[in-house]
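Colleague: Pulled from Swiss-Prot, these are the listed features:
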{"type": "BINDING", "residues": "R41, R78, D94, A123", "note": "S-adenosyl-L-methionine binding site"}
{"type": "BINDING", "residues": "C251, C254, C271, C274", "note": "Zn(2+) binding site"}
{"type": "DOMAIN", "residues": "4-383", "note": "domain 'Trm1 methyltransferase'"}
Amino acid sequence: MLSTKVTEGSTTVSVPVPPEGVPFPPSEAPVFYNPHMELNRDISVAATSACAKRILLKKDMELKDITYLDAMSASGIRGLRIANEVGITSILNDWSDDAYGLILENIGLTGVSDIAEATCKNANVLMHERRFNIVDLDPFGSPTPYLDAATRSAVHFLEVTATDTAPLCGAHFNSGMRKYAAVPLNNEFHSEMGVRILLGKIARELAKHDKGMTPLLSHATRHYVRTYLQVKKGAKLADKAFKDLGFLSHCEHCGHREIFHGMAISISDHCSSCGNDVYIAGPLWLGQLHEPQYCDEVLLELEDRSLGTKEQAKKLILACRDELDIPFFYDQHVICKMIGVSAPAMDMFIAALRETGANVSRTHFTGISFKTDAKIDTIKDVLRSL
């Protein structure tokens, strides 16, 4: 296997040279490596360091005693960066013999053999066998085949990436139903829909093991969804998390939407505002996507590090921190098209909407999205006035 060396953060590893003529990081390579996920990994380093410090505040243990599982490690770059740049013990697992060999090579290359362990196992088997303070799932595709084992294995924190955004966001409807046991909607806020369906699925998996969760940071970026969750042991905490599960009713005719908390509920097929048929999505997570204090902790970690995507990462985390804690965002252009007006500048529109007494924020999802507690009729009136 031909390889080349790459450096991310302060960590240098060997990664496979992709097949000739293949422009995008290919699944055909003997060991998968995606340079476009450097932002994801940079944030992971900062976020995992923030998680580790939270563990140390509550547990009488040393940094190196905290265990982190990179369940599908491939080249090992994510887990090795955690070991090298965070200083906690990383278990780097991959079922591929080629990947396992490369991980062993990279452990030697980075000089972290005292706090890095390579394993070559089925990820589900490993997670059923052992418990880890932090479990990181970053599979090629959907994380759903691994969530039962991961939610059992994670003691304090669970970090999950989903790259199957088409099923999550409703573009591949039946696939999304099968994988996530939820009805998605493929509309203007489909990216947030994907985040909340993923979180809803994780909450239900955790509940099977009498665990609850608190989302600390969740974002939809490029072709993937990523979330960082605090895991909370106890049946009562699992029950509490279930109170943040529910459904969305959305009218595409007038833009009215309603959320309904609970799993066994009755929802009208008709819009309570205009009477037209509505689309219903769920079950999905209706609680917070981000914890502002945790976002600040991640920002401090980013500031203290030399990272290739530092400014981009900081911008993303700031946007997440400052989002209103409301499901779901609105798309300004969709509403303008609905009422037949030109879209004004976002800053001017947000200022005008705030003058009505409404709370408003931009979001990290798109440049033309916003969240508000204003009613749809108020939003339309403001847009017509500009």
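Yeah, the Cβs are placed from backbone N, Cα and C, and that goes for glycine too.
Tell me about the surroundings of these features in the structure.
Modeller: R41 (S-adenosyl-L-methionine binding site) falls within a helical segment according to DSSP.
Annotation note: C271 (Zn(2+) binding site) sits in a coil segment as assigned by DSSP.
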Colleague: Please determine which of the binding-site residues listed here (A123, C251, C254, C271, C274) has the lowest count of neighbouring CB atoms within 10 Å.
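Modeller: Relative to the other binding-site residues in A123, C251, C254, C271, C274, C274 has the fewest Cβ atoms within 10 Å.
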Colleague: Sorry to bug you, but what's the C-alpha spacing from C274 (Zn(2+) binding site) to D94 (S-adenosyl-L-methionine binding site), rounded to the closest Å?
Modeller: 53
Colleague: Tell me, if you would, which residue among R41, R78 (binding-site residues) has the fewest other CB atoms within 10 Å in the structure shown?
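Modeller: Ranked by other Cβ atoms within 10 Å, the binding-site residues R41, R78 bottom out at R41.
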Colleague: Among all the protein chains here, how many other CB atoms are within 10 A of the CB of D94 (S-adenosyl-L-methionine binding site)?
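Modeller: Its Cβ has 26 other Cβ atoms within 10 Å.
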Colleague: Report, in whole Å, the straight Cα-to-Cα distance of C251 (Zn(2+) binding site) from R41 (S-adenosyl-L-methionine binding site).
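Modeller: On Cα coordinates alone, these residues lie 38 Å apart.
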Colleague: Max Cα-Cα distance in Å among R41, R78, D94, A123, the residues listed as binding S-adenosyl-L-methionine?
Modeller: 20
